[in-house]
Amino acid sequence: MSKAGRLVVLVSGSGTNLQALLDASADPSYGARVVAVGADRDGIEGLVRAASADVPTFVEKLGDYPTRGEWDAAVAARIAAYEPDLVVSAGFMKILGTPTLDAFPVLNTHPALLPSFPGAHGVRDALAHGVKVTGCTVMLADEGVDTGPIVAQEAVPVLPDDDEAVLHERIKTVERRLLVEIVGLMAREGWTVSGRMVRIGNHTGGEST
Ligand code: GRF
């Protein structure tokens with residue numbers, strides 16, 4: 001059973017999910033701590049949050065590499081230097097390549113109830129479809145776009161006057177709490193994956209493996 005004490009968190013934007021993990025891991029009983037933060041761009045709030053918490057950072061921009069494969073390898077090498085037990089893609093707006101996916105378990109978070117509305121505009125797409133309930137999904141990443149085994153989901157209502165920004169903020173409040181809860185459980189209790197079924201400790205019921 002895998003456990004997850006050392007976290008490398010990847011960000012592309014405001015980093016509020018990262019901040020929630022930083023805040024949670026200030027308590028040693030949480031069982032996990034952020035050992036590095038990586039980004040695919042400069043000048044983002046997520047990197048400022050990491051620096052404020054004295055967590056080392058790295059930036060690897062896709063445009064700095066001749067090929068996607070070389071960027072993939074560079075990202076994997078930067079992550080590997082911190083020897084993480086778990087990589088958390090928390091608002092990281094790139095699909096990770098096999099050098100990272102083959103080397104580390106990667107947890108991802110998405111602001112919709114997968115398999116509905118995958119991709120970069122999950123909130124906008126759910127709103128445009130007219131759903132009355134959406135939510136967030138924490139899943140293990142694979143090589144697809146939001147296709148990996150689902151770890152946890154939580155529903156969030158869509159209200160009549162919602163626009164994308166308002167709905168996304170409502171989802172993110174839930175998403176941060178769920179991500180912190182799941183990372184902590186995975187760190188403290190371990191997890192197993194069988195096909196698409198993810199089991200954390202004994203929390204999903206049934207026999208543990
Ligand atoms: C989250 O809703 C994440 O699921 C999505 O982008 C948002 C990132 O927010 N991909 P933040 O950077 O953690 O504030």
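The backbone N, Cα and C atoms fix where each Cβ goes, glycine too.
Cross-referencing Arg49, Arg68 with the (6R)-10-formyltetrahydrofolate binding residues that TrEMBL gives (Met93, Lys94, Ile95, Leu96, Asn108) picks out Arg68. Note on proximity: of the recorded positions Asn17, His110, Asp146, the one nearest Arg68 ((6R)-10-formyltetrahydrofolate binding site) is Asp146, by Cα distance. Within the same chain, residues at least 6 positions away in sequence whose Cβ sits under 8 Å from that of His110 (active site, proton donor) are Pro118, Gly122, Cys136, Thr137, Met139, Asp146. Every protein chain considered, the tally of other Cβ atoms within 10 Å of the Cβ of Arg68 ((6R)-10-formyltetrahydrofolate binding site) stands at 12. Under DSSP, Leu96 ((6R)-10-formyltetrahydrofolate binding site) is assigned to coil, being neither helix nor strand in the three-state scheme. Among the recorded positions Thr16, Asn17, Met93, Asn108, His110, the ones whose Cβ sits under 6 Å from an atom of ligand 1 are, in sequence order, Thr16, Asn17, His110.
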